[in-house]
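First comes the structure, then the notes that go with it.
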């Protein structure tokens, strides 16, 4: 075997250095662009040839070996029979180890003018170079072809001829660099041991990113074929010109070495056998190059040609073999509620090319591009992290007492907290009973009691009480005023209970800001400027939705500006909420935290007054100077 051929086998000559094994930043952990090891793709696979010496019967063949002065030695002759191991010269002999079995070869049938050798692969592979070592004189003309569709179509890699112009009508790359034909490997000398070497990463491909589309088109193969088109004789001079040579008309090849690697787009450094593929039993098959990638960089597929199921937030890319950039696939943001996602180019473009992942088949009663909200009929349980499988709980609204939301035919609760929209006069978290002062729970809600006090919620009969106060005066006509820049609260069916709406049953002591020592002595957890948005009767308690406009004090609590809920003392205990909190108005509120639940409590110990800038300044001064 020639020196360059041995170098190609051992180190890959310049091909590997310029190509796949020269990937920037290659490491065993495949942190950057990486490629599986290279090897002989013919090893462990079946090589095909049109004919084989002695395939039908024993044949006689002869060959010359020349001296240095080109005079022919005495020809040597032998027999071949494909059915007898010691006389066989099968195509598989071209794929065995060139070092362990250097004197084995394939030989065609006698007097064959055209011959074909073909390697069929079970998957797509990267092909880098071919080394052929001839026992017979090299052909006067031959073609190297490849297929990328398992033999359906073929494209030429290289033409070989003693005269490219005369044989194929092509220019010779010995004269014109980069031409598709060459005369370099078509000389009949030497009569035996002549090499043919083809490098797939020759110019102009040797400077490209080895995973670019251009290089893939050049290197990717599923089949490789060599067509031997024209024999030529050994050029040595016979001493006896009258002695006609016999049995020299055949092709014979020692080695057919197809160097390449598993094709993984730069996303794997190891490969395993393709499912269902069985290697040919031959010595050294444990060194064979397998065809299914063990993908890294969050990629998947036999060739890491697409992103893993939950990593489609950006377009898939091959790694960059020049810079070493792995171009990893990025995970979709599905909040733990989906196993797969897909890339949507419209979503990608709408995001400014930042995120294009759309979660598939959201689980755990969630929906949305990122499974980011509960489905209609479910609400967000704030006690659980949203990634928890039970973060969305089913609404439990009473079918009679709950109102149907606009544009829906089914009753749904507030998806943020599970509150049900109740019909007029209906109370309770699930809208399952009448409010105090109402009766006749039914399809149209509950009716007001025709009493000065409360009435029986079922019959409507008045219930007398010594605490009842005359209700026969008119209620003030109060309507909450919303700032046009602020969105109005949507749950209008749940009305707020306050002394203003139920003044006949409620007496709240007017609060004044006394001395600073008394104010500081209350040790309030929070002091806020708020605007009342709405109040909601929950049957056992009232929730007041507010907008925090300014935080004057907060201790261990993390309180921010924006919407929040306050929890006044239960109106079921007092008949109203005290201190008075009327929707649409602004207040200064100082109160305590329920250490068990973390709720902001408003009760008779709280300080509540209508907001005035002067009041705010005075309280801030007390907090800074006195409350230490």
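Cβ atoms are placed via backbone N, Cα and C, with glycine included.
What Swiss-Prot annotates here:
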- 262-271: disulfide bond (DISULFID)
- 264-293: disulfide bond (DISULFID)
- 295-304: disulfide bond (DISULFID)
- 307-329: disulfide bond (DISULFID)
- 332-341: disulfide bond (DISULFID)
- 334-359: disulfide bond (DISULFID)
- 362-371: disulfide bond (DISULFID)
- 374-392: disulfide bond (DISULFID)
- 395-413: disulfide bond (DISULFID)
- 397-420: disulfide bond (DISULFID)
- 422-431: disulfide bond (DISULFID)
- 520-627: disulfide bond (DISULFID)
- 30-261: domain 'Laminin N-terminal' (DOMAIN)
- 262-331: domain 'Laminin EGF-like 1' (DOMAIN)
- 395-448: domain 'Laminin EGF-like 3' (DOMAIN)
- 506-627: domain 'NTR' (DOMAIN)
- 56: N-linked glycosylation site (CARBOHYD)
- 163: N-linked glycosylation site (CARBOHYD)
- 353: N-linked glycosylation site (CARBOHYD)
- 483: N-linked glycosylation site (CARBOHYD)
- 1-18: signal peptide (SIGNAL)
DSSP three-state assignment for residue 392 (disulfide bond): strand
Sequence-distant neighbours of residue 627 (disulfide bond) in its chain (C-beta under 8 A, six or more apart): 516, 519, 520
Any contact, the domain 'Laminin EGF-like 3' (395-448) to the domain 'NTR' (506-627), with at least 3 Cβ pairs under 8 A: yes
Same chain, 6+ residues apart, C-beta under 8 Å of the C-beta of residue 371 (disulfide bond), given in sequence order: 334, 335, 337, 338, 359, 362, 363, 364
Those residues of the chain, 6+ apart, with a Cβ under 8 Å from that of residue 332 (disulfide bond): 310, 311, 312, 313, 338, 341, 357, 358, 359, 370
Per-state residue totals over the domain 'Laminin EGF-like 1' (262-331) - DSSP helix, strand, coil: 3 helix, 10 strand, 57 coil
Distance check against residue 413 (disulfide bond) for the recorded positions 163, 262, 271, 295, 304, 329, keeping those with Cα within 10 Å: none
Helix, strand or coil at residue 374 (disulfide bond) [DSSP, three-state]: strand
Recorded positions near residue 293 (disulfide bond), in sequence order, restricted to 163, 307, 329, 395, 422 and a 10 Å Cα cut-off: none
Separation of alpha carbons, residue 422 (disulfide bond) and residue 163 (N-linked glycosylation site) (Å): 95
Local confidence of the domain 'Laminin N-terminal' (30-261) - pLDDT mean: 89
Minimum Cα separation from residue 397 (disulfide bond), reported as the residue among disulfide-bonded residues 264, 329, 374, 422 that achieves it: 422
